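Pulled from Swiss-Prot, these are the features on record:
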| type | residues | note |
| --- | --- | --- |
| BINDING | THR49, CYS50, ASN51, ARG52, SER109, GLU114, GLN115, GLN116, GLN120 | substrate binding site |
| ACT_SITE | CYS50 | active site, nucleophile |
| SITE | HIS99 | site 'Important for activity' |
| BINDING | GLY189, ALA190, GLY191, ALA192, MET193, GLY194 | NADP(+) binding site |
Amino acid sequence: MSVLLVGVSHRSAPVSVLEKVAITDADRPKLIDKMLASSHISEAMIVSTCNRVEVYAVVDAFHGGLAEVGELLTRHSGLAMPDLTKHAYVRYSEAAAEHLFAVASGLDSMVVGEQQVLSQIRGAYATADAQQAVGRTLHELAQHALRVGKRVHSETGIDRAGASVVSVALDRAAQVLGDLAGRTAVVVGAGAMGGLSVAHLARAGIGRIIVVNRTIERARRLAETAASYGVESSALELDRLHEAMSAADVVLSCTGAVGAVVTLADTHRALADRDRAEFPAGDRPLVFCDLGLPRDVEPAVAGLPGVAVIDIESLQRDPAAGAAADDTAAARSIVAEELAKYLAGQRMAEVTPTVAALRQRAAEVVEAELLRLDSRLPGLAEPERDEVARTVRRVVDKLLHAPTVRVKQLASTPGGDSYAEALRELFELKPGAAQAVAAPMEITAIGPDRTAGLADDFTPGHRLDFEQHLGEEGKPA
């Protein structure tokens with residue numbers, strides 16, 4: 001069994017494609033159930049954020065698993081297979097682990113070094129685990145990835161470029177508005193991103209925060225959090241969004257809803273109210289930070305006078321969205337080190353059952369020979385028989401000690417699983433003595449680039465996409 005990753009992210013696809021592939025919290029359990037019901041998938045986890053959707057699946061065959069995940073994503077997104085393959089990337093086995101470690105470290109984020117992705121991976125794991133979709137393989141992979149992310153953030157300065165997408169969005173808003181201190185902000189959505197927005201706004205010295213949400217109770221709770229930071233705050237239901245916007249300087253939205261939340265009609269109403277107020281719209285810009293995926297702000301809003309829209313796609317071009325080169329290099333070094341540890345542990349886990357099976361086989365042979373001795377020498381005294389038994393067992397243990405210790409050492413090296421395979425072949429151990437591994441033919445389909453450098457993860461030389469493996473109908477090529 002090996003881990004297959006199929007993903008679409010801000011690096012590989014435009015926002016229009018990401019919006020279609022986006023998986024909501026409500027959809028995620030349904031898609032996991034469908035994967036578990038398929039023929040080749042035994043474990044599954046979906047990481048879905050504002051700028052990425054990644055499916056991690058433990059599969060018994062590369063091509064079969066890829067076909068099933070690809071079909072699932074095309075049905076969910078409504079995209080034709082050729083359209084999906086243009087923007088999807090595939091990682092397998094070691095490369096899948098390397099990618100998740102990089103994601104957890106913030107190396108693959110739109111804002112390099114942001115930490116929110118750690119909680120998103122933790123949430124993805126919790127959702128999959130609650131559905132009993134996580135076994136040993138994904139458990140160890142996800143937990144190790146979380147440890148890698150924590151280590152990178154504690155030992156490097158990779159997050160100095162900005163704690164999250166929110167911080168960069170607010171920097172862009174400040175370029176339009178000037179200092180944010182004392183201004184009024186509207187936060188649309190009371191989820192994790194809403195909470196992050198409130199924290200960043202408070203640190204920026206915002207004067208007032210209005211939280212808008214479909215559920216007023218959640219809006220009030222987040223408003224109370226804002227108040228605990230010493231910021232004047234209030235809460236409104238979503239149908240009163242235009243009222244909040246009429247008083248705002250900046251609106252941050254990330255609801256995860258399907259369809260526009262900030263509509264052209266509501267924005268027109270808000271701007272009309274501002275025109276009747278003390279400050280005309282032309283003298284008081286209204287800035288929208290649309291952090292939602294799918295987008296929360298209707299595209300036509302960006303064309304209104306006095307309005308600026310900062311969205312996920314524009315943030316990709318922000319020069320402030322990168323960490324210092326030395327911090328990034330240090331983070332990559334940690335990822336490489338931890339990947340080597342993880343892979344060594346996985347190889348060891350694969351060889352341990354084989355060693356145990358070998359010792360069990362030897363013990364069975366010893367017992368069989370002792371029984372044969374009893375039948376041949378029925379008059380053998382008990383003390384002599386015990387001494388013979390101890391001697392035979394010592395001989396067997398000494399013969400097995402060196403090869404079993406050595407095979408465990410070799411198992412931690414690249415290609416070490418071949419030694420365990422040799423033991424299984426030489427001693428005719430049962431196939432179930434160790435986990436099955438992917439056939440060599442399937443592994444070589446990945447090519448020599450399975451451990452490609454993280455910096456060029458999506459360049460043509462390093463990217464592996466569906467088209468190498470699937471036909472137009474999503475069947476194995």
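For all residues, glycine too, the Cβ spot is worked out from N, Cα and C.
Location within the structure of each feature annotated in Swiss-Prot.
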residue : record                        : Cβ within 10 Å
CYS50   : active site, nucleophile      : 21
ASN51   : substrate binding site        : 24
HIS99   : site 'Important for activity' : 24
SER109  : substrate binding site        : 27
GLN115  : substrate binding site        : 21
GLN120  : substrate binding site        : 18
GLY189  : NADP(+) binding site          : 27
ALA190  : NADP(+) binding site          : 26
ALA192  : NADP(+) binding site          : 15
GLY194  : NADP(+) binding site          : 25
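Counting only the Cα atoms, the space from GLN120 (substrate binding site) to ALA192 (NADP(+) binding site) is about 9 angstrom. Taking all protein chains in view, 27 other C-beta atoms sit within 10 angstroms of the C-beta of THR49 (substrate binding site).
Take the mean position of the Cβ atoms of GLY189, ALA190, GLY191, ALA192, MET193, GLY194, the recorded NADP(+) site; other residues of that chain with a Cβ within 8 Å of it are VAL187, GLY195, LEU196, SER197, LEU222, CYS254, THR255.
If you take the Cα of ALA190 (NADP(+) binding site) and the Cα of CYS50 (active site, nucleophile), they are about 15 angstrom apart, rounded to a whole number. Cα-Cα distance from CYS50 (active site, nucleophile) to MET193 (NADP(+) binding site): 9 Å (rounded to the nearest whole number). Put simply, of the recorded positions THR49, ASN51, HIS99, SER109, GLN115, the one whose Cα is nearest the Cα of GLY189 (NADP(+) binding site) is THR49. A sphere of 10 angstroms centred on the C-beta of GLY191 (NADP(+) binding site) encloses 15 other C-beta atoms. Look at ALA192 (NADP(+) binding site): DSSP puts it in a helix. Secondary structure at THR49 (substrate binding site), as computed by DSSP, is strand. The Cβ neighbour count for MET193 (NADP(+) binding site), using a 10 Å radius over every protein chain in view, is 25.
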